[in-house]
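Asks: According to TrEMBL, the protein carries these features:
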{"type": "ACT_SITE", "residues": "Asp40", "note": "active site, proton acceptor"}
{"type": "ACT_SITE", "residues": "Asp181", "note": "active site, proton donor"}
{"type": "BINDING", "residues": "Ser13, His72, Gly148, Phe149, Gly150, Gly151, Asp181, Gly182, Gly183, Gly203, Ser204", "note": "substrate binding site"}
{"type": "BINDING", "residues": "His38, Asp40, His72, Asp181", "note": "divalent metal cation binding site"}
Amino acid sequence: MTAAPRDFQIAPSILSADFARLGEEVDNVLASGADIVHFDVMDNHYVPNLTIGPMVCEALRKHGVTAPIDVHLMVRPVDQLIGDFIDAGASIITFHPEASDHIDRSLQLIRDGGCRAGLVFNPATPLSYLDYVMDKIDMVLLMSVNPGFGGQSFIPATLDKLREARQRIDASGRDIRLEVDGGVKVDNIAEIARAGADTFVAGSAVFKARNEADPHRYDGVIRDFREQLASVR
Ligand SMILES: O=C(CO)[C@@H](O)[C@H](O)COP(=O)(O)O
Ligand SMILES: [Fe+2]
């Protein structure tokens, strides 16, 4: 485990938000204490689903969102969309290494555009993709479900993989976030944090907790996450 205490960040996945009121949903989840906005981009090619693209990211920035936007690219190919999301105001861009023909080049494109860069690992994708690019990585994102849909169950083998990723990150001596995505709930977030994660994507767990009457409608679930995480420090 890490020597220093980690700062934990909650990243609601807007995949589970009400798309008809997306700006308001993002405002509300941030007002309720979320740290960053997780933005799932699916192309109906790399994954069997189709979601939102750079125009929506740009619209959120124009709407006034200043929090980091964490763009999770589930697309193939990746490089054209990297440029589009840099222009659209992304803060962090992650992609799946097997979806890029030139991983080092794609990471460099992200960094040259002033964004933080990361690789995403599906449950069966080996961490060895990190071997020669650790110096170009700001985030490692481990999928704890197969990508494409919200609302799936956390795959328990992710816990061992998180421990391995945490060791690699600590050994690198670099400031690299370890994010986990899929099936994160109030009742498993502490165990996931103990395995080494510091950034927690949660879609259905957050947005199903909606209380329509209240602008701070997601306070409860985000407070519950933080209470669980407090026991890990
Ligand atoms: O990238 C993905 C799915 O491919 C995720 O970001 C999901 O949106 C997470 O949703 P929950 O599992 O938390 O409902
Ligand atoms: Fe995601």
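Just so you know, the numbers here start at 1 and follow the chain as drawn.
Heads up, the Cβ atoms here are built off N, Cα and C, so glycines get one too.
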Asks: Whole-number answer please: how many Å between the C-alpha atoms of Gly150 (substrate binding site) and His72 (divalent metal cation binding site)?
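Replies: A Cα-Cα distance of 13 Å.
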Asks: Taking Cα-Cα distance, which of the recorded positions His38, Asp40, His72, Asp181 are within 10 Å of Gly148 (substrate binding site)?
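Replies: Among His38, Asp40, His72, Asp181, the ones whose Cα sits within 10 Å of that of Gly148 (substrate binding site) are Asp40.
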Asks: Less than 6 Å between Cβ and the nearest atom of ligand 2 is the rule; apply it to the recorded positions Asp40, His72, Gly148, Gly150, Asp181, Ser204.
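Replies: Asp40, His72, Asp181, in sequence order.
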Asks: Hey, how far is His38 (divalent metal cation binding site) from Ser204 (substrate binding site), Cα to Cα, in Å?
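Replies: Taking the Cα atoms only, His38 (divalent metal cation binding site) lies 12 Å from Ser204 (substrate binding site).
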Asks: Which residues does Ser204 (substrate binding site) neighbour through Cβ under 8 Å, counting only same-chain ones at least six apart?
Replies: Ser16, Gly150, Gly151
Asks: Counting other Cβ atoms within 10 Å, pick out the least crowded of the active-site residues Asp40, Asp181.
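Replies: Least crowded of the active-site residues Asp40, Asp181, by Cβ count within 10 Å, is Asp40.
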